[in-house]
Ligand code: NDP
């Protein structure tokens, strides 16, 4: 931490109300979200997606696992070794140091950024193994065979981590707490994250979890699913190739643009609790890879027209998503940059400016809309024989609507009346003219 001349602030101040309908809401999410991650497995597998043709006794007999199929201590050990291995790479690979945004204490944390420097050798070694042993490589088979064990291991790990950082947040040195995660209600604060930036020395647990085990694990799972498809039909279909490329690109983009995460809500405002621990380590890798897992079991060829259609949807979504995010980043870094200096903005009392033309004049979160459209291009390659794989766009719509509301609340506090002025100029929240 680098000290600053700014006036000291109360690091443990309580300054925020409840999100997610308070303790009852977060309690419900803590039960429902993990259940959904299992439901997607039990509701979409080799027996059907969903296996509705089975009677309940057949379903119980064929699909529901025994305790040993559900949990394996050995796999939990491998999972922990995987996360610790990535953490070790995180602290040993040469890094680019960046300062985070100023905290309310005036301090700025130093972040060691090396997500894609870790990802490239990880992917390189998987590519090498596949080159040597083919798609039948035992690692790929192992991941497929132990999917349920891995899912349970990820659950145990994320839950334990959330409890650990919550307990540690009460340590006597009084760390900086997240405004939203310091309500005094144990369940709520554990879920939202009580401590803003839990760290072990310079190792930032939140940043690590945001980009390392889960995002990278998602890419690994997708490849294992492609390998499984190859093992059952002797080739990899165009739909599987598309899903793998799209999602690999999304992951690589996030890792490559790692500095951009330092200004996101997750890093600047949210504490690190079960919400992020579960989201990063369980939800992202295991539910976002559903489409590839489906195609591993139910291969599908799209043909030239199908591929072109999906590419079109992806292109439109990416154009909006990248255009809006890059425009805001460029504006926040340097409003006089040639790419943004023609844009209109309003001045605010906080000293910061808010764009009112360009992408950010179309809607207040046009980047979310682009991201959601891209989500469709991840589901469409699975065809129309199932609705389960479209779960992602439904869930993502709910997430983005909630996220926009939360960001709106934070901005209202940050900008006061200026935010009202801004929202009276840019009226749509996400979808221009509709929402
Ligand atoms: P945004 O990148 O949309 O950032 C919101 C912040 O931007 C606000 O808090 C405000 O911060 C600033 N801002 C808002 N309006 C303006 C304006 N008019 N002019 C200038 N600055 C403005 O938020 P997220 O972190 O939620 O999203 C980042 C990306 O990540 C999005 O594309 C989203 O789709 C994606 N995402 C993907 C998820 C997934 O699971 N796939 C989950 C969550 C997000 P300030 O004024 O302080 O700069």
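Quick reminder: no glycine exception, Cβ is built from N, Cα and C everywhere.
Check TrEMBL against the ranges 384-402, 403-421 and you find transmembrane segment recorded for 384-402. Within its own chain, the transmembrane segment (75-95) is flanked in space by residues 112-114, 117-118, 121-122, 146, 149-150, 152-154, 156-157, 202-203, 208, 212-213, 216-217, 281, which lie at least six positions past its ends and keep a Cβ under 8 Å from the stretch. Sequence-distant contacts of the transmembrane segment (232-252), counting only residues of its own chain at least 6 positions beyond either end whose CB sits under 8 Å from a CB of the stretch, comprise 116, 119, 135, 215-216, 218-219, 222-223, 225-226, 288-289, 291-292, 295-296, 299-303, 306-307, 310-311, 314, 374, 377-378, 381-383.
Fewer than three CB pairs closer than 8 A are found between the transmembrane segment (147-168) and the transmembrane segment (384-402), and contact between the two stretches is not assigned (pairs 6 or more residues apart). Tertiary proximity for the transmembrane segment (384-402) is limited to same-chain residues at least six positions away from its ends with a CB under 8 Å from its CB atoms, namely 20, 40, 43-44, 49-50, 287-288, 290-291, 294, 298, 365, 368, 371-372, 375-376, 378, 430, 435.
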